[in-house]
Amino acid sequence: MSIPSVTSLTSRADYEAAVDTALAASAAYYGDGDSTLDDAGFDALMRGLVDYEKTHADHVRADSPVGKVGGGAAPVGDVPHTVPMLSLDNVFSAEELIKWGASLERRLDAPVAGGYAVEPKLDGMAIAARYRDGVLAQLVGRGDGRVGEDLSAAIGTIVGLPEKLARPVTVEVRGEVLLTHEQFEAANELRVANKSKAFSNPRNGTAGSLRGMKSRTYAIPTTFYAYGAVALDGETVLTGGSHSAVMAEIAELGVQTTAGIAEAGLTVSATIEEVQARVEAITALRGTLPFGIDGVVIKADDLGEQKTAGLATRHPHWGIAYKLPPVERQTKLLAVEWNVGRTGVIAPRAVLEPVEVDGSTVTYATLHNPAFITKNDLMINDTVTVYKAGDVIPRIEAPVLALRGDDVIAIELPTQCPKCGGPIDTSGERWECAGGASGGCGLLAALSYAVGRDQLDIDGLGQTFLEALVEAGDVADIGDLFTLTREQLTIAARSEKRADTLLAQIEAAKAKPLNKVFCALGIVRTGRTLSREIARYFGTMDAIRAADADALARVPKLPGANAPKIAEHIAAVGAVIDKLTAAGVNMTEPVTDSSGGPLDGEVVVVTGGMNGPLAGRNRTDMRTLIEDAGGTSSGSVSKKTTILVVGENAGSKVPKAQELGVTVLTEDEFAERVAEFLS
Ligand SMILES: NC(=O)c1ccc[n+]([C@@H]2O[C@H](COP(=O)([O-])OP(=O)(O)OC[C@H]3O[C@@H](n4cnc5c(N)ncnc54)[C@H](O)[C@@H]3O)[C@@H](O)[C@H]2O)c1
Ligand SMILES: [Zn+2]
């Protein structure tokens, strides 16, 4: 959707409608709503209004947003500002910046002597913070620049704006409140948990966070950066003669300032050429900053020069905003595609009407997962806000509900894997192809898992070899691993020697106990521990296959609610199990009567690195050992713990165990108790 840079208004009716649209958009933009226009659309409309008003002076409406701070519709309130809080005029290119520099020097009637302060333009909400005798007494929004709303209820929730200064001075600090990317995510989690609608972007989220403090019971933390300060109640505590010096004074009082932003923070440039270089440097850092910026602000640093340059009604002459391309645009959601990733994750992707965002054309955006679609009530043909920060994949923020037409169509969620047609595991937030070991879309991931150390332990079969085997069509499920020929392996591994090693490892894997073979199948909602329990309980693969959900639910540690899914998946991989059986893979669990074992009834915790007779055993190995010996393995010391095995560099678990009266054993003592299981 390419928006013309000027909306052309050809009749009085057009003009009237445009004023109404702009006022409504501003009210939403500066309030906490969703505007029906993106910034590019709004700016084009404003340019259209300016053009029209120039030639139709008699049509100009009193409430026209032209020339007004806050677009003529920002929430205003009733607190008068000490000194007007203005907006900033814009430039968009190096040429325009040079022109602005020249016009400033004309106003000064001399070259700029004090240099230019250059700082990021933070994309949040402007506020004035009034400190009296060092105590934060009042917060005031920008409003229409002359009067603003009282936002004092938010005192104490803003990072960087302390409730007390380092010295008991009276001063008004001005700056931007914003939500960092992290705070934005956290804010939305809080909102959703409290049954409120998620904020659609950090800027209107900031407004919502501050205003909401008047009525909300929970605080949403925001962040403040000062970029100005003025005298309050006639007291002048600021002695610095430049913007940068004043910022240093403010920082000394304990307030966070734009000078405190790492790398992209306030610096002073001597010439316009240096300013341009600094603008480019800050632009390059845009994607790495912890919050959004929509430009770079340039100010004559010397306060005397600022005074000489003076103010226009809507903006100062001594400063300018160098705007960066918008990272947020509105466009239309045309369709949703479902793609299956290499690990079997089924991810929705938005197909958009092409739109230019931050200098590049965006046609697709991630929709994360099905829950994102339902949570945001997205529909095909909705107007959506597309957002791009740095080199991050474009994201969709929210549908603009005010623009929803009659042509919207519900987004259909898949009921089967879009790639293989197999079943889908919808238990997690991310949906996955449940084909898994039976050759579904997660084949490579499933194979890697199956040959892993805790399963079949064919460690020579790394990712590259597996990929080669799958690519060659030699392996379509884990059953095929056991019928690989020396020739196939030689081609995949590019070496006869490696092929022979692999053949030996594969042969050895055939003798693995049932619990490892079962684990290798990657059955949903089972892992190592449950595989052991299932194998122990049923003894043979045939018995496992014969078990229905009720029988599975009787397995120790197996949550009954998961049993039906597990049973379903076991049935689905029947053909793979048949292949494994035919290839001579062991399908029985060796009977280890663990009741009566040396650790029967013990709850064992292991801490520190294992040495001596237990050397080289990681936590998984230790758990296996404990379970084999009839004990229960646990990760943390509690009242239930009966034995703590202490290895090298043991930490805080030892004093805790001693405090609880838990038996503490050295590696040697423990090894002796489980000697018969150590081989
Ligand atoms: N999409 C919409 O519906 C809609 C509606 C109204 C306005 N807008 C957008 O808002 C912009 C104009 O609004 P504006 O006047 O609020 O702001 P502005 O973006 O033109 O700039 C002025 C503001 O920049 C902020 N700022 C951030 N960092 C600063 C720094 N380091 N030093 C000084 N000031 C700093 C201050 O809050 C100041 O008030 C336009 O880009 C317009 O597209 C959009
Ligand atoms: Zn699939």
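Every residue, even glycine, has its Cβ placed from backbone N, Cα and C.
TrEMBL does not curate its annotations; it predicts them automatically.
Remember, predicted model here, so these are calculated numbers, not experimental data.
When Arg61, Arg142, Arg146, Arg349 are compared with the NAD(+) site residues Asp39, Ala40, Gly41, Phe42, Asp43, Ser87, Leu88, Glu119, Glu176, Lys299, Lys323 in TrEMBL, the one appearing in that site is Arg142. Checking the binding-site residues Asp39, Lys299, Cys417, Cys420 against ligand 1, the ones with a C-beta less than 6 Å from an atom of that molecule are Asp39.
Lys299 (NAD(+) binding site) falls within a strand segment according to DSSP. Among the recorded positions Asp39, Lys121, Lys299, no residue has its Cβ under 6 Å from any atom of ligand 2. For the NAD(+) site, whose annotated binding residues are Asp39, Ala40, Gly41, Phe42, Asp43, Ser87, Leu88, Glu119, Arg142, Glu176, Lys299, Lys323, the maximal Cα to Cα separation is 27 Å. For Cys417 (Zn(2+) binding site), the nearest of the binding-site residues by C-alpha distance turns out to be Gly41; the candidates were Gly41, Asp43, Arg142, Lys299.
Lys299 (NAD(+) binding site) sits 60 Å from Cys420 (Zn(2+) binding site), taking the CA atoms of both as reference points. With respect to their backbone Cα atoms, Arg142 (NAD(+) binding site) and Lys121 (active site, N6-AMP-lysine intermediate) stand 16 Å from each other.
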